[in-house]
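Lifted from Swiss-Prot, the feature list:
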- HIS161, CYS196, CYS200, MET207: Cu cation A1 binding site (BINDING)
- CYS196, GLU198, CYS200, HIS204: Cu cation A2 binding site (BINDING)
- GLU198: Mg(2+) binding site (BINDING)
- TYR218: phosphotyrosine (MOD_RES)
- 1-14: topological domain 'Mitochondrial intermembrane' (TOPO_DOM)
- 46-59: topological domain 'Mitochondrial matrix' (TOPO_DOM)
- 88-227: topological domain 'Mitochondrial intermembrane' (TOPO_DOM)
- 15-45: transmembrane segment (TRANSMEM)
- 60-87: transmembrane segment (TRANSMEM)
Amino acid sequence: MAHPFQTGLQDATSPIMEELLHFHDHTLMIVFLISSLVLYIISIMLTTKLTHTNTMDAQEVETVWTILPAIILIMIALPSLRILYMMDEINNPSLTVKTMGHQWYWSYEYTDYEDLSFDSYMTPTQELKPGELRLLEVDNRVVLPMEMTIRMLISSEDVLHSWAVPSLGLKTDAIPGRLNQTTLMAMRPGLYYGQCSEICGSNHSFMPIVLEMVPLSYFEKWSASML
């Protein structure tokens with residue numbers, strides 16, 4: 001989860017988020033090198049009055065600064081397309097959970113079970129227990145098995161919402177009349193927090209998401225107790 005004064009991304013919990021972190025570092029290094037080169041050239045231009053007459057109208061230089069940016073863009077585009085393909089790929093999910101956005105709470109339905117559904121509201125500040133997080137805790141957590149492919153079906157009952165959990169690299173729009181889907185897989189147990197990431201009204205900031213990733217045996221006991 002995020003920490004105060006954090007400047008980097010959250011720790012990766014899913015394979016997709018690990019790929020996104022690698023892509024972020026890859027792109028950031030390219031941007032850093034380009035920025036350093038531009039700043040170096042600007043500093044040289046500002047500190048010298050000499051002019052290289054051979055580069056004022058050189059076809060070779062124009063060819064280089066046309067081809068080189070194209071190569072750099074390809075170096076950025078190819079990893080990006082690979083990750084986009086991975087995020088859209090869905091292979092035989094072990095569990096399907098339907099998520100509906102409301103003003104201003106989430107409802108969840110485990111479609112593989114009968115009558116396993118609940119609403120998830122933010123826990124008011126005055127009801128928080130010691131150690132719980134303000135504006136991030138909910139009354140009903142989404143309990144899911146770890147190390148399994150889970151499909152999330154996401155839609156909305158009223159206005160636009162967005163279901164996002166940064167540690168898992170997830171952000172999917174909840175659109176009325178449309179059913180979007182995404183997959184997740186957590187590699188370790190724990191609590192993972194997210195929030196609605198689409199402005200949806202006055203209480204937009206009070207729609208937290210809490211995923212509790214647990215071993216399969218614990219999930220089976222939990223699901224049996226909920227039925």
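Cβ coordinates come from backbone N, Cα and C, glycine included.
As the structure is a computational prediction, the values presented were derived from the model and not from experiment.
Looking only at the topological domain 'Mitochondrial matrix' (46-59), the predicted model's pLDDT averages out at 73. Summary of the Cu cation A2 site environment: with the site residues CYS196, GLU198, CYS200, HIS204 set aside, the chain residues having Cβ atoms within 8 Å of the Cβ mean position are GLY101, TRP104, VAL159, LEU160, HIS161, SER162, SER197, ILE199, GLY201, MET207. Take the mean position of the Cβ atoms of HIS161, CYS196, CYS200, MET207, the recorded Cu cation A1 site; other residues of that chain with a Cβ within 8 Å of it are GLY101, GLN103, TRP104, TRP106, SER162, ALA174, GLN195, SER197, GLU198, GLY201, HIS204. The list of residues near the topological domain 'Mitochondrial intermembrane' (1-14) in space but at least 6 beyond its ends in sequence, with Cβ under 8 angstroms from a Cβ of it, reads 20-21, 24, 133, 136, 166-170, 184-188, 190-193, 213. Non-local neighbours of the transmembrane segment (15-45) in the same chain are 9, 72, 75-76, 79-80, 82-83, 86-87, 166-170, 184-185, 187; each lies 6+ residues outside the stretch with a CB under 8 Å from one of its CB atoms.
Checked against GLU198 (Cu cation A2 binding site) by C-alpha proximity, the recorded positions HIS161, MET207, TYR218 yield HIS161 as the nearest. Within its own chain, TYR218 (phosphotyrosine) has no residue 6 or more apart in sequence whose C-beta sits under 8 angstroms from its own. When DSSP labels each residue, the topological domain 'Mitochondrial intermembrane' (88-227) comes out as 21 helix, 61 strand, 58 coil, counted as helix, strand and coil in that order. Note on the topological domain 'Mitochondrial intermembrane' (1-14): DSSP counts are 0 helix, 0 strand, 14 coil.
In this structure, of the binding-site residues CYS200, MET207, the smallest number of CB atoms within 10 A of the CB marks CYS200.
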